[in-house]
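Some notes on the structure that comes next.
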Ligand SMILES: C[C@H]1O[C@@H](n2cnc3c(O)ncnc32)[C@H](O)[C@@H]1O
Ligand SMILES: [Zn+2]
């Protein structure tokens with residue numbers, strides 16, 4: 001059997017693959033990936049039976065291998081809102097621009113917006129993400145087609161209304177049932193209470209109970225701005241993290257996004273509960289939240305600190321490489337410490353810690369693990385010279401360095417190409433145009 005690359009076939013699932021001679025942890029290695037999508041063997045030279053068994057051989061000699069990247073907080077379909085509302089204060093941005101437009105969203109928008117997001121994430125080496133948005137059955141369909149891993153939650157917002165809470169409960173239950181029916185091991189449902197300022201304590205308690213009953217993640221925005229912390233103290237007599245804890249929302253199954261305005265006591269609480277925190281530095285800087293997530297306090301407290309892009313209306317892209325660099329330099333700048341968040345830790349946040357947060361394996365390239373692998377080009381300026389690949393990945397490279405991406409062994413991108421991407425760009429542009437038109441027609 002010939003195992004030369006045919007670009008159409010390599011994208012089909014369930015093929016065994018041999019990556020030849022990639023640079024892995026400082027050594028040239030061959031990696032054999034089984035039909036089941038796991039790493040079967042890693043060694044300096046794979047030959048004989050395994051070599052013959054491989055349906056495809058990828059020449060990795062001009063690449064460095066990294067575990068696939070994990071984006072732990074996004075709103076994928078917000079790609080359609082990219083550039084719709086920029087340079088605004090967070091509360092006005094949300095309540096005057098974003099929510100009024102989102103009120104006109106339909107399932108087809110979320111489908112094409114999520115397809116566009118998946119392409120964009122794959123292009124920067126992302127294999128898994130944690131998403132909170134609306135019409136999530138359509139998001140699930142898009143993720144299934146793209147072959148990525150995702151945890152999907154319906155953005156649960158009740159604004160204290162019992163009627164709204166009932167409809168959010170129904171939407172959440174429907175998502176769990178839709179995802180179960182898909183029977184795709186790479187896609188999981190989660191509970192997504194939007195934030196302590198948009199969900200009443202009754203709603204938060206329902207969410208934590210439902211997450212426990214279904215052994216699912218709970219995905220929430222926490223302490224993004226100083227105003228929301230002050231409002232929470234005024235309304236509930238306690239800071240947001242304490243309120244979440246009171247409602248049962250802090251556990252090892254929680255992913256809390258932003259966490260910029262946590263105090264030391266709240267960091268200790270999140271650490272004690274084993275919460276995963278998603279750091280979103282680009283969004284935080286663009287929305288000028290005025291404080292950087294207290295990285296070192298959270299690490300010292302034992303929290304699992306990870307990385308996310310947030311949505312494309314506050315970022316305005318889903319480039320996890322850009323996010324790694326921004327995290328590493330924002331932490332140094334804001335906390336005035338040149339040694340804080342070094343490149344190695346930025347990679348760890350985006351691989352091992354991210355995979356742990358979402359429950360998708362170890363985030364390492366090791367025998368027996370799912371083959372979630374990114375091959376980055378070494379014959380490119382940003383990888384030259386190559387004293388320390390982790391430094392080049394975090395501080396020097398953009399997504400143009402990403403060559404090939406595998407998720408549980410399935411090739412999602414090969415030699416910079418993702419099948420069908422042109423159609424997605426065209427459909428997403430049309431869909432975004434129609435969404436804004438629908439809103440304008442309704443307003444007039
Ligand atoms: C799911 C809802 O969350 C909204 N959203 C997107 N980005 C942010 C953010 O930075 N803070 C709070 N809420 C956000 C999104 O527009 C959906 O309405
Ligand atoms: Zn968000």
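Using the three backbone atoms N, Cα and C, a Cβ is placed for every residue, glycine included.
310 is the only one of 300, 310, 319, 338 that TrEMBL places in the Zn(2+) site (with 73, 75, 221). Listed in chain order, the residues near the Zn(2+) site other than 73, 75, 221, 310 are 74, 132, 257, 258, 278, 280, 283, 308, 311, 314, each with its Cβ within 8 Å of the site Cβ centroid. Filtering 102, 224, 310 by Cβ distance to ligand 2 (under 6 A) retains the following binding-site residues: 310. Residue 73 (Zn(2+) binding site) counts 28 other C-beta atoms within 10 Å of its own C-beta, drawing on all protein chains shown.
The least crowded of the binding-site residues 75, 194, judged by other CB atoms within 10 A of its own CB, is 194.
Neighbours of residue 194 (substrate binding site) among the binding-site residues 73, 221, 310, defined as a Cα within 10 Å of its Cα, are 221.
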